[in-house]
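Chemist: If you look up Swiss-Prot, you'll see N190 marked as N-linked glycosylation site. What Swiss-Prot lists as phosphoserine is S343, S382, S402, S405. Taken from Swiss-Prot, the feature signal peptide covers 1-22, and the record attributes it to sequence analysis. If you look up Swiss-Prot, you'll see 23-49, 106-119, 177-207, 262-278 marked as topological domain 'Extracellular'. Swiss-Prot lists 71-84, 141-155, 229-240, 300-440 with the feature topological domain 'Cytoplasmic'. Residues or ranges marked as transmembrane segment by Swiss-Prot: 50-70, 85-105, 120-140, 156-176, 208-228, 241-261, 279-299.
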Amino acid sequence: MATHRTLLMCLGLPLFFPGALAQNHAPPGCSPDLDPLYYNLCDRSGAWGIVSEAVAGAGIITTFVLTIILVASLPFVQDTKKRSLLGTQVFFLLGTLGLFCLVFACVVKPDFSTCASRRFLFGVLFAICFSCLVAHVLSLNFLTRKNHGPRGWVIFTVALLLTLVEVIINTEWLIITLVRGGGQVSPLGNVSADSTMTSPCAIANMDFVMALIYVMLLLLTAFLGAWPTLCGRFKRWRKHGVFVLLTTVISIAIWVVWIVMYTYGNEQHHSPTWDDPTLAIALAANAWTFVLFYVIPEVSQVTKPSPEQSYQGDMYPTRGVGYETILKEQTGQSMFVENKAFSMDEPASAKRPVSPYSGYNGQLLTSVYQPTEMALMHKGPSEGAYDVILPRATANSQVMGSANSTLRAEDMYMVQSHQVATPPKDGKISQVFRNPYVWD
């Protein structure tokens, strides 16, 4: 009899403790020792958690790399107007990084800390991003009309002040909510009877959306402010306005979809379990919109010089002084080389080799035309004075029996001067150029 009673008690234990077995049952992909709070991070049956954290992890890495690139490109930014926006853009990247991190708080099951972080950081992080867009749009409206905008610290201060407004709103809302209900929440997120509708996890979906009205106002301001930038006089700033406009249009579409789903769709289909996936997907989608349509295009444009700087670079190119430059200038001067085959003998002192660097003083050299004797002879009498025209050779200027039979330029010049001093009989000066190597 005792054996039968013991057997019945062992078989009846599972019937009396079904809750204990249910608590030890872990979803596929999760360890039995894992806290049930983190089951969505590894649950393969509901893949939305794994996909969301994978997308958020890739976004965190991408945003971190883009932040490093933007900060490292600061010394290479030549346009001072773009450099003044770097502080605001880094602030925008920090807000985007926070949105990717907040995705994990939405994947984890509701708890007092996770619910409080969602309620507070959701609006603050979006306010950071949209405030930076509003400040950028404000600067672009000045740049497209005057090609000169506010200082960098002014733009950053505008973005910071707009963000502080949302910080104050969320802080007051969260404090009032917690103090009024005492914040009594069970470890698994089950709200006690004394704190119903007063804890962060017990806030209605409609109330959560209503607390984001200021953030929606910032988004609408950035969207409307981006349109005038497309009509400015300075067209090179229009593409930045297009980046902001495209980002805000997609963000508005994302916000409309998730708000409708969060406040109306889930209640109509009686699926409150889709509240967390809705927030996680909205965060990841909007953060990637910021990265793809605003951050990456702005980073690619930040180091490009302004048209004024490009024009100055073309007008005043950098020119180095070196051996190659001297050779090019000497080559340019060699186009007027004297033909030595038809030149007369010159004194030996004139034939000394001259260094190509003797006349170089560090400045740009110019080619100087030095005509030869043959060129002067072919110019004619009307182009120069009579005393520079080379004389013709005569039989009286040189003794045929001398040892040196070469005509010297000095003797020819003396004979020619004598002939010029004796005018012709008709009283006119006539210049007859004869071959100096043919005797009269």
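Our numbering is plain: 1 for the first residue shown, then up by one each step along the chain.
Cβ coordinates come from backbone N, Cα and C, glycine included.
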Chemist: For the transmembrane segment (156-176), which recorded stretch in the set 85-105, 120-140, 208-228, 241-261, 279-299 gives the largest number of Cβ pairs separated by under 8 Å?
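Modeler: Top-ranked stretch among 85-105, 120-140, 208-228, 241-261, 279-299: 120-140.
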Chemist: By DSSP, how many residues in the topological domain 'Cytoplasmic' (71-84) are helix, how many strand, and how many coil?
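Modeler: Looking at the topological domain 'Cytoplasmic' (71-84) with DSSP, the answer is 9 helix, 0 strand, 5 coil.
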Chemist: Mind checking which residues reach the transmembrane segment (120-140)? Cβ under 8 Å, same chain, six or more beyond either end.
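Modeler: Distant contacts of the transmembrane segment (120-140): 84-85, 88-89, 91-92, 94-96, 98-99, 102, 105, 149-150, 155-156, 158-160, 162-163, 165-167, 169-171, 174, 211-212, 214-215, 218-219, 221-222, 225-226, 229, 237, 240-241, 244, 247-248, 279, 283, 286, 290, 294.
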Chemist: When only pairs 6 or more apart in sequence are counted, do the transmembrane segment (85-105) and the transmembrane segment (241-261) reach 3 or more Cβ pairs under 8 Å?
Modeler: no
Chemist: Residues sitting near the transmembrane segment (50-70): Cβ under 8 Å, six or more positions beyond its termini, same chain?
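Modeler: Sequence-remote neighbours of the transmembrane segment (50-70) are 29, 41-44, 86, 89-90, 93-94, 96-97, 100-101, 103-104, 106-107, 277, 280-281, 283-284, 287-288, 291, 295-296, 299, 302.
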Chemist: Using a Cβ cut-off under 8 Å, which residues of the same chain at least 6 positions beyond either end of the topological domain 'Extracellular' (23-49) come close to it?
Modeler: 104, 107-109, 111, 188, 276-277, 280-281
Chemist: Sort out the residues at least 6 away from either end of the transmembrane segment (279-299), same chain, that have Cβ-Cβ distances under 8 Å to it, and list them.
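Modeler: Apart from its flanks, the transmembrane segment (279-299) reaches 48-49, 52, 55-56, 59, 62-63, 66, 69-70, 73, 89, 92-93, 96, 99-100, 102-103, 106-107, 118, 122, 126, 129, 133, 239-240, 243-244, 246-247, 250-251, 254-255, 257-258, 262.
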Chemist: How does the topological domain 'Extracellular' (23-49) divide up by DSSP, counting helix, then strand, then coil residues?
Modeler: 10 helix, 0 strand, 17 coil
Chemist: How about long-range neighbours of the topological domain 'Cytoplasmic' (141-155): same chain, 6 or more residues beyond its ends, C-beta under 8 Å?
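Modeler: Those are 81, 83-88, 135, 225, 228-229, 231-234, 237-238, 241, in sequence order.
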Chemist: Are there residues at least 6 beyond the ends of the topological domain 'Cytoplasmic' (71-84) whose Cβ is under 8 Å from a Cβ of it, and what are they?
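Modeler: Tertiary neighbours of the topological domain 'Cytoplasmic' (71-84) are 90, 139, 143, 147-152, 155, 299, 301-306, 309.
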